[in-house]
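I have a structure I would like to understand better, so I am pasting it below and will then ask my questions one at a time.
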Amino acid sequence: MSQSVSERTRIKSDRYESGVIPYAKMGYWDAAYTVKDTDVLALFRITPQPGVDPVEAAAAVAGESSTATWTVVWTDLLTACERYRAKAYRVDPVPNSPDVYLAFNAYECDLFEEASLSNLTASIIGNVFGFKAVAALRLEDMRIPHSYLKTFQGPATGIVVERERLNKYGTPLLGATVKPKLGLSGKNYGRVVYEGLKGGLDFLKDDENINSQPFMRWRERFLNCLEGINRAAAATGEVKGSYLNITAATMEEVYKRAEYAKAIGSVLVMIDLVMGYTAIQSIAYWARENDMLLHLHRAGNSTYARQKNHGINFRVFCKWMRMSGVDHIHAGTVVGKLEGDPLMIKGFYDILRLTELEVNLPFGVFFEMDWASLRRCMPVASGGIHCGQMHQLIHYLGDDVVLQFGGGTIGHPDGIQAGATANRVALEAMVFSRNEGADFFNNQVGPQILRDAAKTCGPLQTALDLWKDISFNYTSTDTADFAETATANR
């Protein structure tokens, strides 16, 4: 017969003695723990404070991200405390990083509200990053179990349906961000959209910080963009679009802008990561209900994703955003102006595009994970790329990607349409050569393919001449722990 509550509360043991005892002794460390299929797993990179045992640091993170507080509380005995305690079950030293460890923690699935990214993150990252026992802490990876994953809707549209709508297969999609980001009038903004789409791009895009400022209110931007889209589609016979940024101060205003975009004929809208998890999930539900494609700009992510020892690895954001329901997310370029180690970027793209993940330590993927029926998310490569890098972009990123050439389109000396044409010709020439078996990534072959294509395309020749020496060869701050890799454009 089970014990009554009064009987249980009288039990005395080392674990339930009043006062402060180590987290590991409170039950948050269990080296013999057998991981269940239904457990949420989290991998933390932990730098303990001097003198703090790494096992105790891992147990502290497990405790403070689940049920623990700083002292023993008797009300634990009123719960299924053994079940609800997170368990740190493995601690490994990080190669070539003294006093830094990888801690594997397991969480009972019932600790989290179904389909709530806000609740999941409130536990996993809510309190532990300011914990004094650790000098630095980074969430490196997570495994979301099938049972919990199925409560999320996933991307509203997905890669396959998007390609069906565009009737475009076997090649990356092309886009550009309107530049300058801020200051254009609505009429001039719409002209940029028209010129870029008519020149051969599939998409134009608002930048992260264009919302509804005094120089151009959102309705003015939306209307002029749709005019440019419709005129370019009529002129080219292709399906065209522009990511209309509906990010706003309140969800009421976000929905208002989304409904207006739909009413005037847009088939896609855009939001920023800085909106927050609840807002992202909310508009993702709206996008699915209204058959709209949802583009996410990762604005603000590097404030907590870039540093190697503290914050949240972007691969975790990729998982969270795919669960939340976005169709596109900016995920790095390798060769552009933004942070991007080749192996890390490939890992991000795998997380967004694969239906099943296998452990791949060089790519930073630490857990097997089945994405169940959640659709795939299209990565977007944007930031400091140009047509002269086309062979590198296709090699590193593959076909299921949107290549966004902002300055690499609008900065063309002969105008926006010429810049778009240069990118379209470069892409088609490289894809054709690849399909014919050319060793296009070879630094002798790839550039020659572009030079040959430029013989019959003046805009491409001009672009190659202008940007031929432009590259961003900086060492990444975040690199693989289990493989050596170069970040250079090669």
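In case you wondered, yes, glycine gets a Cβ from its N, Cα and C as well.
These came from Swiss-Prot, pasted as-is:
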BINDING   Asn127, Thr177, Lys181, Arg298, His330, Ser382  substrate binding site
ACT_SITE  Lys179  active site, proton acceptor
MOD_RES   Lys205  N6-carboxylysine
BINDING   Lys205, Asp207, Glu208  Mg(2+) binding site
ACT_SITE  His297  active site, proton acceptor
SITE      Lys337  site 'Transition state stabilizer'
Among the binding-site residues Asn127, Lys181, Glu208, His330, which ones place their C-alpha within 10 angstroms of the C-alpha of His297 (active site, proton acceptor)?
Glu208, His330
Quick check on the recorded positions: of Lys179, Lys181, Lys205, His297, Arg298, whose CB has the lowest count of neighbouring CB atoms inside 10 Å?
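The recorded positions Lys179, Lys181, Lys205, His297, Arg298 were compared, and Lys181 has the fewest Cβ atoms within 10 Å.
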For each of the recorded positions (His330, Lys337), count the other CB atoms lying within 10 A of its CB, then report the residue with the highest count.
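Sorting the candidates by Cβ neighbours within 10 Å, the top entry is His330.
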A 10 Å Cβ contact count, applied to the binding-site residues Asn127, Thr177, Ser382: which residue has the minimum?
Asn127
Which of the binding-site residues Thr177, Lys181, His330 has its Cα closest in space to the Cα of Lys205 (N6-carboxylysine)?
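Comparing Cα positions, the closest of these binding-site residues turns out to be Thr177.
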How far apart, in angstrom, are the most distant Cα atoms among the substrate-binding residues Asn127, Thr177, Lys181, Arg298, His330, Ser382?
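Spelled out: the longest distance between any two Cα atoms in Asn127, Thr177, Lys181, Arg298, His330, Ser382 is 37 Å.
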If we check Cα distances from Asn127 (substrate binding site), which of the recorded positions Lys179, Asp207, Glu208, Lys337 wins as closest?
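With Cα distances computed to Asn127 (substrate binding site), the winner among Lys179, Asp207, Glu208, Lys337 is Glu208.
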Let's check the environment of Glu208 (Mg(2+) binding site): how many other CB atoms sit within 10 Å of its CB?
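Excluding its own Cβ, the number within 10 Å is 20.
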Would you list, in sequence order, the recorded positions among Lys179, Lys181, Arg298, His330, Lys337, Ser382 whose CA lies within 10 Å of the CA of Glu208 (Mg(2+) binding site)?
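For Glu208 (Mg(2+) binding site), the recorded positions whose Cα atoms are within 10 Å come to Lys181, Arg298.
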So for Asp207 (Mg(2+) binding site), how many other CB atoms are inside 10 Å of its CB?
19
Using the CB centroid of Lys205, Asp207, Glu208 as the Mg(2+) site centre, which other residues of the same chain sit with their CB within 8 A?
Thr177, Val178, Lys181, Asp206, Asn209, Ile210, Tyr243, Asn245, Met270, His297
With Lys337 (site 'Transition state stabilizer') as the reference Cα, tell me which of the recorded positions Thr177, Lys179, Asp207, His330, Ser382 is the closest one.
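Looking at Cα distances from Lys337 (site 'Transition state stabilizer'), the smallest one goes to Ser382.
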